[in-house]
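Listed in TrEMBL:
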- 51-484: domain 'Major facilitator superfamily (MFS) profile' (DOMAIN)
- 47-77: transmembrane segment (TRANSMEM)
- 89-106: transmembrane segment (TRANSMEM)
- 118-140: transmembrane segment (TRANSMEM)
- 146-164: transmembrane segment (TRANSMEM)
- 208-227: transmembrane segment (TRANSMEM)
- 333-355: transmembrane segment (TRANSMEM)
- 362-383: transmembrane segment (TRANSMEM)
- 389-418: transmembrane segment (TRANSMEM)
- 456-477: transmembrane segment (TRANSMEM)
Amino acid sequence: MGLQENGRGALRKYRSMIADVSQDEDGCVSHPFQENGNIRNRSSRNYVMACAIFASLNSVLLGYDVGVMSGAILFIQEDLKITEVQEEVFVGILSIISLLGSLAGGKTSDAIGRKWTIAFAAIVFQSGAAIMALASSFTVLMMGRLLAGIGIGFGVMITPVYIAEIAPTVTRGSLTSFPEIFTNLGILLGYISNYAFSGLPPHINWRIMLVVGILPSIFIGGALFVIPESPRWLVMQNRIDEARSVLFKTNENVGEVEGKLAEIQEAARFMIRDRSEDKAVWREMVNPTPGVRRMLITGCGIQMFQQITGIDATVYYSPTIFKHAGIQGNTQLLAATVAVGFTKTIFILIAILLIDKAGRKPLLYVSTIGMTVCLFTLGLTLSTMGNNVFGISLAILCVCGNVAFFSVGIGPICWVVSSEIFPLKLRAQASAIGSIGSRVSSGIIAMSFLSVNHAITVGGTFLVFAAISALSVAFVYKYVPETKGKSLEQIELLFQNDSYWEDGEVELQDVQHLIQRE
């Protein structure tokens, strides 16, 4: 039976495998570079952080596009004379089309590696951005938008997977949150770019706004000379020595390297055996075992709730929201959006400090409950209060509060959880499915926001988002486990244990508890 078919059997294999790692007479894991059984590679922490930062640069591109488009669309509409329907399609199509990149990203990353898939994503996105900046018609503008969307699909799928596979267990949560940090940084830079160039003529300013977004590609090119390939992907390719070399660089405790390598090899061995039995990855996801089904519900569900609570609509259309609240003039509208960008960036930094200390689930509760309150209050404010100072101030406060609660919880933790829970052989492909759910949900919300506003008003739209956000609280309670402090292989085993998923809230204990119960 495969790993997904027999969690207890796999647990015994892992336990035996870990116990068989060579030890010296004092019980310490032996290694030729070890002194007194406790060598610590002090430079590894900085190295892993540098890898996570460079890998996350693709997220700056996504964030910048989201942020800059909220203001640039005002001037694109004026310059190219596009209709409101064309505006909705142009803004929302990027998320929809990105599913093609996410679908192809899983297979591509398994074929050419995580590192080079990150590079490919940047190249495709920047090509699309360049075409948009030079566009003289809506048709050419859409061509660039479609290309940029494919690049984003690759990027949002592969970056969290790569970081999760190189990060030590103790810091994996915070490091896997880096893409969300850089997305927020990109949004802030996009807002600032809007404000900085808004005074230029309409046929020039939006083009400059888009061109500035190409600059991160220079740093991404340099990153390829710094970041290593994922050790788990190297093991999948039977490049064991290279994987060991990467693990020595990324683990503070050198003595743990051989144990980690053996654990990864054991997981890869199941994958290779299943391949030899012609058990296709996609077939297993279409007809999943109970453990894999739980993983898919958790991973895809949290990705969808991240978007259907309306965060992209809030970011893309924040000028529209503030205009409805009573703010007049493009410069004033764009200045208000800068406050939103700063709020998102500050609170994502707070999340990074807490995610590996407080845990994933407590932050998700704070996030989803806080978003529900802010969205409900914003809906009431826009529905009942006129264009007065108090109404405007409360609307800005609610928007900032919504993005703050999003950034401190479901924003980054969505990517952390979806990159942690899947087994090695399914990780890239399953993460791609989760990304598809996220992108499609984002696209539907962005493409329908203006039309829904006309049908039920802006305030009514945010009351709907509040109801959806309330449902996300229940989803977190029932389907999202706490993964803090567990290795990727331990998390995989925990999802196989039926007894922990039978009643109410999922509270998965340490693997040691499962061992003791056997």
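Cβ atoms are placed via backbone N, Cα and C, with glycine included.
TrEMBL labels come from automatic prediction, so no person has curated them.
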Handout entry: Other parts of the chain folded back onto the transmembrane segment (47-77), taken as Cβ under 8 Å at six or more residues beyond its ends
Key = 87, 90-91, 94, 118, 121-122, 125-126, 129, 141, 148, 151-152, 155-156, 159, 162-163, 166-168, 171, 175-176, 178-191, 193-195, 198, 202, 205-206, 209-210, 212-213, 216-217, 219-220, 222-223, 226-228, 249-250, 312, 315-319, 330, 334, 337, 341
Exercise for the section: Answer with yes or no whether the transmembrane segment (89-106) touches the transmembrane segment (456-477) by the criterion of at least three Cβ pairs under 8 A, sequence separation 6 or more. Expected result: no
Exercise for the section: Residue list, the transmembrane segment (146-164) vs rest of chain: Cβ under 8 Å, 6 or more residues beyond ends. Expected result: 51-52, 55-56, 58-59, 61-62, 65, 93-106, 108-109, 114-115, 117-118, 120-129, 131-132, 172, 175-176, 178-179, 230, 415-416, 418-420, 427-428, 431-432, 435, 438-439, 488
Completion exercise
Among 89-106, 118-140, 208-227, 362-383, the most Cβ pairs under 8 Å with the transmembrane segment (389-418) come from 362-383
Completion exercise
Given the transmembrane segment (208-227), its same-chain partners at Cβ distance under 8 Å and 6+ residues beyond its ends are 50-51, 54-55, 57-58, 60-61, 64-65, 68, 71-72, 115, 118-119, 122-123, 126, 129-130, 132-133, 190, 193-194, 197, 200
Exercise for the section: Please work out the mean pLDDT for the residues of the domain 'Major facilitator superfamily (MFS) profile' (51-484). Expected result: 84
Handout entry: Surrounding residues of the transmembrane segment (362-383) on its own chain - C-beta under 8 Å, 6+ positions past either end
Key = 305, 309-310, 321, 324-325, 351, 354-355, 391, 394-395, 398-399, 401-402, 404-406, 408-411, 413, 457-463, 465-466, 469-470, 472-473, 476, 480
Problem - Beyond the flanks of the transmembrane segment (89-106) by at least 6 residues, Cβ under 8 Å - result: 65, 69, 73, 76, 82, 117, 121, 124, 138, 141-142, 145-146, 148-158, 312, 316, 428-433, 435-436, 439-448
